[in-house]
Amino acid sequence: MSHSDISPPSSYQELSQIKGLDPTKLRRSSSFSTFLDESRRNSTASDINIPGGFRRQYIINQSIKNNRSPPKFLTNNLIEFLNIYSNFAGEDLSDDEYDSYNQDTTADEESLLLPEEPILVHQMNQRMPKSNVKTYFLVFKALVGSGILFLPKAFSNGGLIFSIITLNIFGVLTFICYMLLIVSKNYFKLGSFGELGFQTYGSPMKVLILISILISQIGFVSTYILFTTSNMASLFHLSQFNLVVSQFILLIPLVLIRKIGKLSFISLVSSVCILIGLVIIFYYSISDLVEDGLGPNIIQFNSNSWSMLIGVAVTSFEGIGLILPIEASMSNPKQFPRVLATSMIAITLLFTTVGVLGYLTFGDKVETIILLNLPYTNISIKAILILYSVAVFLTAPLQLFPAIKILENVIFNSSMFFKNGKLYNSGKFNSRIKWLKNIYRVAFLLVICIVAYCNFDNIDKFVSFNGCFACIPLVYIYPPLIHLKTLGSSTRDKIYKSLDYTLAIIGVVVVIYSTYQILFLN
């Protein structure tokens, strides 16, 4: 019997098909049989479509049968978002040091699910989003971050009308490319971005996808360090070098965290501060616009630096690594296109409004990070800016998580860790491996801090370059190329092929031209 014959269903549709089969003709575990029992009506497919879901349902049913209250499982939206990060781009990035698999001893399964006991990552049976409202929250959290603060300066680089049109075009193209990837995922029955690349074009495409993810995440974290350094240097006139070194030291214990759930409070603070920052930007921008009128030197198209807008626009919308796990977590994935379309419209409107408002208010005097245009001599504003800077700084470990794990999986699965035909790459029972991984993580962080420090005087160029060089391929080149392999020779498919080729060619041209412009002409 193959692995696919015994693996649990991966979608609501597959679960429905299984329910239609004759139970006597299937060999199942007791938890699987319990799931099929028609008396089970209090859960949905999304509750089971996660690691440990069947076992959790079994425990619930046993509790009800014995007149006991079912265990209370964590359902916090923020924890669900962090769990989605552990499946970034559909990859399994959970840490082996917290795996319950391959252990010599077997713990009592029911006790592991009780809230009073520590719960391992693979045994954290949180409910994944089962409603459209939760999915809206996750999409918004995935796409709206500190990148929005760079948009007013990006509008200054592109010009008002050109920036509005370009940003909205990228919003539409981003939605199309996200949906192409979802269609491909459903066609090939694969949930991993990298595996989709491997299925369609072999190892080279998978390697390209993972490298692009790696570079983009490194770019994002470097941007966060630059953001914090710039804010603190402006507020307190501190040395840039000392600020970067301080962040490196403070981030070391955070990047050594293996359990992503421990970052939940940090992520919560970051989310709250982003909302506070948006409110502050709107309040002061509107106040200044009403009192002082339009900012200086507003133009409709900036022929000198328009390419800088492209990279920032792409970076703002980039969240493709979270789209696959978010869609997979829905109880009814068929509704995802509508949810994503509505979310993209709202997010594009928000991005456009922030860019237009900031540029109209401050004109060509707008700073790379618009928060620096605020009157930070005001004590309350200074306090909020410090809080926001700290929150962005603390977001770095979450953004680093996928990049660290992707490269770590490559390094520690290499031949040097094979012995007697077995792979010894877990730090769970081997302190040497654990410390090698710790050293690797610190070295990884050091490289990022060096990259950030070297680009302090060109923050907007760095953000644009990361968007063009790493994010454009991830969003606008790889998905249409993968989608090409799902098409046949019908007239309808030929139309889709034309769309895929057009998107991929435009993506390649924009990458080459914009990267050249940013590096050599701006």
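Each Cβ is built from the backbone N, Cα and C atoms, and glycine gets one as well.
Feature annotation from TrEMBL assigns compositional bias 'Polar residues' to 1-16. Under the heading domain 'Amino acid transporter transmembrane', TrEMBL lists 130-519. As annotated by TrEMBL, region 'Disordered' applies to 1-20. The transmembrane segment feature in TrEMBL is assigned to 136-155, 161-183, 207-227, 239-257, 264-286, 338-359, 379-401, 438-456, 462-478, 499-519.
Using a cut-off of 8 Å between Cβ atoms, the transmembrane segment (462-478) and the transmembrane segment (239-257) share fewer than three residue pairs, counting only pairs 6 or more apart in sequence.
As a quick check, the transmembrane segment (264-286) and the transmembrane segment (136-155) clear the bar of 3 or more Cβ pairs under 8 A, pairs 6 or more apart, so the two touch. Within the chain carrying the transmembrane segment (338-359), a Cβ under 8 angstroms from the stretch's Cβ atoms is held by residues 132, 135-136, 139-140, 143-144, 148, 151-156, 160, 163-164, 167-168, 171, 174-175, 178-179, 278, 281-282, 285-286, 289, 295, 298, 316-317, 323, 330, 366, 370, 373, all 6 or more beyond its ends. Against the transmembrane segment (207-227), the recorded stretches 136-155, 161-183, 239-257, 438-456 differ in Cβ pairs under 8 Å, and the greatest number is found for 438-456. Scored on C-beta pairs under 8 angstroms, the neighbour of the transmembrane segment (161-183) with the top count among 136-155, 239-257, 438-456 is 136-155.
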